[in-house]
Amino acid sequence: MNASGLSAMMAVTVNGSAPGTGRPEETETLDMLGVVDTKCLAYDFFIETVLMGALCLLGFVGNTLSMLCLWRDRSKSATPFLLISLEVADTLFLITVLVVRVLPSAQTYTGQLGGLVPAFEYFGRFGWPCALTAETATIYLTILVTLNRYVAVCRPYETSKFCSLADARRHVVIVCAFAVLYNLPRFFEYRSALIDDPRRNATIRVVVLSSLGDDRTYQIVYGNVLYCLVFFLGPFVALVFLNSELIAALRETKRKRMKVLNMDSSSEDDITLMLIVVVVVFVVCQTPASTTQVLLSFLSRKMRGCPTTFFYYERISDLLIVVNSSINFIIYCFCSRRFRQILSDLMCRRKEPPLETTDRSEMSCRQYRPNRKDTNGVTRLSQV
């Protein structure tokens, strides 16, 4: 999520009005922020209030159901715990989107949320850093889930060292600490400022860049270079490598199993499909935002304001990040038979599914144990 897309939502007036109501002080504030065109306000409302709002609701419901289903998975392995952590991070991100983008945009366009206006200043100053913190946690928890699966399938003899539930909890703590520390400077990028409006003899309170946020070196090094490395290039390379190795290993396992047992293993196919979808969704949703962040440093305020092409593109790039945090439930339902089974049991209030199922849950971390055999004497994958 990018700074310029949030800036239009950060202006509030001391007398309790919000930008976009047509009053002189709001018009001046909006002009400072590059949002004065009625069509652009309508576009903001459609993208940020209607679409982002709908995605937030979908994400809240879907992520809650996902957490309930994963909590019912009694495999006691690391993977369900990691996925629950991912859903928590996604949900926290959606909460920040709701207070930073959805509600202020609704007030800007409709003027019906005046009671929330005094809080918008704090939403703008502190909501955006919180959003980036949650987004960072989401990205690296996705990598952590994939790495956990990679170790379990591609390096099974190291599973006991790196794939236990205790290890997963420790890794989640490390990821969360990194997300907070990395985004700590974001909390000091903006400050409140009072601007006099001689036309109305009123004082306007706006959120503007601080000396740190306005520093050119800081913008290039931290805002662009590190952003691209931490939010896109690093995670993209890691996910592509891990999933390529994992997909190859799963295909080889399937080939050997079918050769020995002459049977299909749909659960392994489900794992492969789920990982492919996760990578594709990540790349599609994160790439436009990374491009936007780079362009922000080279475009003037006029070139990135309404109604330029960049203005419309930047809103879409932010929308895609919200999509990424809202559709995990759909991916799980589409790709995982065991998840659908647990969801069905949950909806029908049936008892929890047994630990050992014929579907051999793809929601669990597995370890290949050559010395463990089933009743037919064939070595099988067992849950950790």
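Every residue, even glycine, has its Cβ placed from backbone N, Cα and C.
Annotation comment: TrEMBL describes 62-332 as domain 'G-protein coupled receptors family 1 profile'.
Taken from TrEMBL, the feature transmembrane segment covers 46-70 (among others). With a threshold of 8 Å between CB atoms, the same-chain residues lying at least 6 positions outside the transmembrane segment (46-70) that come near it are 9, 80-81, 83-84, 87-88, 90-91, 94, 97-98, 101-102, 105-106, 109, 315-316, 318-319, 322-323, 325-330, 332, 339, 342-343, 346, 363.
Sequence-distant contacts of the transmembrane segment (82-106), counting only residues of its own chain at least 6 positions beyond either end whose CB sits under 8 Å from a CB of the stretch, comprise 1, 5-6, 9-10, 18, 44-45, 48-49, 52-53, 55-56, 59-60, 63-64, 66-67, 70-71, 112-113, 116, 120, 123-124, 127-128, 130-131, 134-135, 137-138, 141-142, 144-145, 148, 168, 171-172, 318, 322, 325-326, 328, 363. Among the features that TrEMBL reports, transmembrane segment is placed at 82-106 (among others).
Here TrEMBL flags 126-147 (among others) as transmembrane segment.
The annotation transmembrane segment is assigned in TrEMBL to 168-184 (among others).
Here TrEMBL flags 224-250 (among others) as transmembrane segment.
Taken from TrEMBL, the feature transmembrane segment covers 271-296 (among others). Non-local neighbours of the transmembrane segment (271-296) in the same chain are 1-4, 139, 142, 146, 149, 223-224, 227-228, 231-232, 235-236, 239-240, 243, 246-247, 250-251, 304, 310, 313-314, 316-318, 320-321, 323-324, 327, 331-332, 334-336, 362; each lies 6+ residues outside the stretch with a CB under 8 Å from one of its CB atoms.
Annotation comment: TrEMBL describes 316-335 (among others) as transmembrane segment.
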Checklist line | Remote residues contacting the transmembrane segment (168-184) - C-beta distance under 8 A, at least 6 residues beyond either end | finding: 78, 81-82, 85, 129, 132-134, 136-137, 140-141, 144, 148, 230
